[in-house]
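Since the structure comes first, as structure tokens, the remarks are kept for the end.
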Amino acid sequence: MAEDIKAKLGRYKTAPFDSRFPNQNQTRNCWQNYLDFQRCQRSLSSRGADVTPCQWYFRVYKSLCPTSWVTAWDEAREEGTFPGKI
């Protein structure tokens, strides 16, 4: 499985089509992948597992989300005022 993930990460160019978000507006896709990345990081690091699979979510949200949004969300998480459930 790890080889498969590494192969996919190696071929990654931009966010692939996600049938949950079929419209042009990709705001929710950005938000969901940001949350999935944070959840993945928290879950795997708490178990002491390798967090390489989380890089998929990271690359997707980095290609979809404006940097200003990610910065604001990171600051809100640090302050404890982040609105999402991680």
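Yeah, the Cβs are placed from backbone N, Cα and C, and that goes for glycine too.
Automatic prediction, not curation, is the source of TrEMBL annotations.
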From Cys54, Cys65, partner that TrEMBL gives for the disulfide involving Cys40: Cys54
Disulfide-bonded residues: Cys30, Cys40, Cys54, Cys65 - member with fewest neighbouring CB atoms within 10 Å: Cys40
